[in-house]
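Going by TrEMBL, these are the annotated features:
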- A:HIS45: active site, proton donor (ACT_SITE)
- A:38-45, A:155-158, A:LEU184, A:192-195: ATP binding site (BINDING)
- A:GLN69, A:GLN161: (R)-pantoate binding site (BINDING)
- A:GLN69: beta-alanine binding site (BINDING)
2 protein chains.
Amino acid sequence: MTERGTTGPQIHRTVADLRRALAAERTGGRRIALVPTMGALHEGHLSLVRKGFALADAVVVSIFVNPTQFAPHEDFDAYPRTEASDVDKLAAFGVGHVFAPSAREMYPDGFCTAVSLGGPALGLETDFRPHFFSGVAVVVAKLLLAVLPDVAVFGEKDYQQLLVIRQLVRDLNMPVEIVGAPTLRETDGLAMSSRNAYLDPQARRTAATLYATLADTAARLAADPGDLAALDDGCRRLEQAGFRVDYLALRDAATLAPLEAASDRPRRLLVAAWLGQTRLIDNIPA
Amino acid sequence: MTERGTTGPQIHRTVADLRRALAAERTGGRRIALVPTMGALHEGHLSLVRKGFALADAVVVSIFVNPTQFAPHEDFDAYPRTEASDVDKLAAFGVGHVFAPSAREMYPDGFCTAVSLGGPALGLETDFRPHFFSGVAVVVAKLLLAVLPDVAVFGEKDYQQLLVIRQLVRDLNMPVEIVGAPTLRETDGLAMSSRNAYLDPQARRTAATLYATLADTAARLAADPGDLAALDDGCRRLEQAGFRVDYLALRDAATLAPLEAASDRPRRLLVAAWLGQTRLIDNIPA
């Protein structure tokens, strides 16, 4: 089930094939990094791959559009699938192994394990996508345990997801270091995302307001940490630009807990908002 | 945090210490077996250790009375804790490593991950101890991922637990082989269990009826596979002996699903019943 082009990465479709290939990679104490993706790779993903190579000798990229983290009404069917061009991009980076299993390989008949978290999984995305982190927790656990990398790299663009995964790994004693990598942005500030491809030219122009609002709100909060009216103003600005806002929230950067008054712990400003049928998320320190 | 007597096993209190010690054990491809226990070791546990040595070069025994698999009204506080004599027994077997963490090491502040299963976890124990397998799934996941053994050995005495753990390991891609080992019995047939220590002499004599009933019921079912009245008769016999029966059930041996008529798949007869304040379980093929 392992495929290989003349120069590109090996493509593994089963956990068994993947493990066989990685056993050879591990000889001599070589370190392995995993970069989990849903494919539709853009520069943001490639920066995670670059980070993987900085931290390990070999990089495995998984490509799997995980059905269990989409609700029935969400964009699972529409989510872009571009495996051939994804593999070409990874070949150019010297990635040796792609793990691209079928849904059946990941969730065979009889599959019946659920994982759920409190803590950083509470609120924010969970208020709007209640199944999301349970789906993420299971698939990330499976990917981490299939690959058993020394380190796995996740983008800060999905900041709540990054904290949930750190917590999952810590709670279950998974022997993997989780590393977050900074969000890459287009020249107008929009965070790179596979879902940006859904935006028509006009929506794409409007989308820049998301980051601009985050940046301006964070600047106001930097000037006056207690100026929480900045959040209301940010929401209003997004709505006036044509967004439907799920949340624009200021949270403890380490735990995502609502802020206690007079705390000087690092904070994070997080946003999720819709432009038409496209849901965008972003976050920055604040 | 690692302790060691002059000849006995190393006793590790933290995952970090355990991992450091096991990294050395693994050199040269030596295989490691894990035998998870709640301590109060008896011959049944020691047979699992023996099985571990048959399957691997080094055996790690974990001793941890896991609070999360006991409901508030259950016997967590009363559960026997005999670490010193447990360690002596393991020393005599040449066990090199004991992992005996504190509850705080396993469940530090902020711990918030839950694992639950359907499939083999449905019914039987779950009908009477609804939290049980969630507690077991988390602690076994943590122990397996802390040790990362090649193989882990569990007793068939806890048959439903064994199937739940197999399913968990399969579902999450844990790189561990799960091996079941046969139940050891006292001369009158009673399955060895740490909880047998709760029984006063009279209850201990009565307890033998549990296995006798299983054996006689299985014999009737062997003579006539459709003779399900044998289950009612078995229940009645246990009640007449003084048991309060939670269940006496015949299930598919591989899935624990209720049996379909006319199936010739292997079956398992499982029982849980109370003698006074002591809950006993047992099972045999049928």
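Note: Cβ is positioned from N, Cα and C throughout, glycine not excepted.
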Rounded to the nearest Å, what's the C-alpha distance separating A:GLU156 (ATP binding site) and the residue listed as 'active site, proton donor'? Just drop the number here, would you?
11
Whole-number Å only: compute the distance from the Cα of A:GLN69 ((R)-pantoate binding site) to the Cα of A:GLY44 (ATP binding site).
21
From the Cα of A:HIS45 (active site, proton donor) across to the Cα of A:LEU184 (ATP binding site), what is the distance in angstrom?
9
Counting only residues 6+ away in sequence within the same chain, which have a CB under 8 Å from the CB of A:MET38 (ATP binding site)?
A:ILE63, A:PHE64, A:VAL65, A:ASN66, A:TYR79, A:SER194
Binding-site residues compared (A:LEU41, A:LEU184) - highest count of Cβ atoms within 10 Å:
A:LEU41
Cα-Cα separation of A:GLN161 ((R)-pantoate binding site) and A:HIS45 (active site, proton donor), in Å?
15
Among all protein chains shown, how many Cβ atoms are found within 10 Å of the Cβ of A:SER194 (ATP binding site), not counting that one?
19
Using DSSP with the three-state reduction, classify A:MET38 (ATP binding site) as helix, strand or coil.
coil
Around the Cβ of A:GLU156 (ATP binding site), the count of other Cβ atoms that are within 10 Å:
20
Give the helix, strand or coil assignment DSSP yields for A:GLN161 ((R)-pantoate binding site).
helix
Just how many other Cβ atoms lie inside 10 Å of the Cβ on A:HIS45 (active site, proton donor)?
26
Close in space, distant in sequence - A:GLY44 (ATP binding site), Cβ under 8 Å, 6 or more apart:
A:GLY155, A:LYS157, A:THR183, A:LEU184, A:ALA191, A:MET192, A:SER193
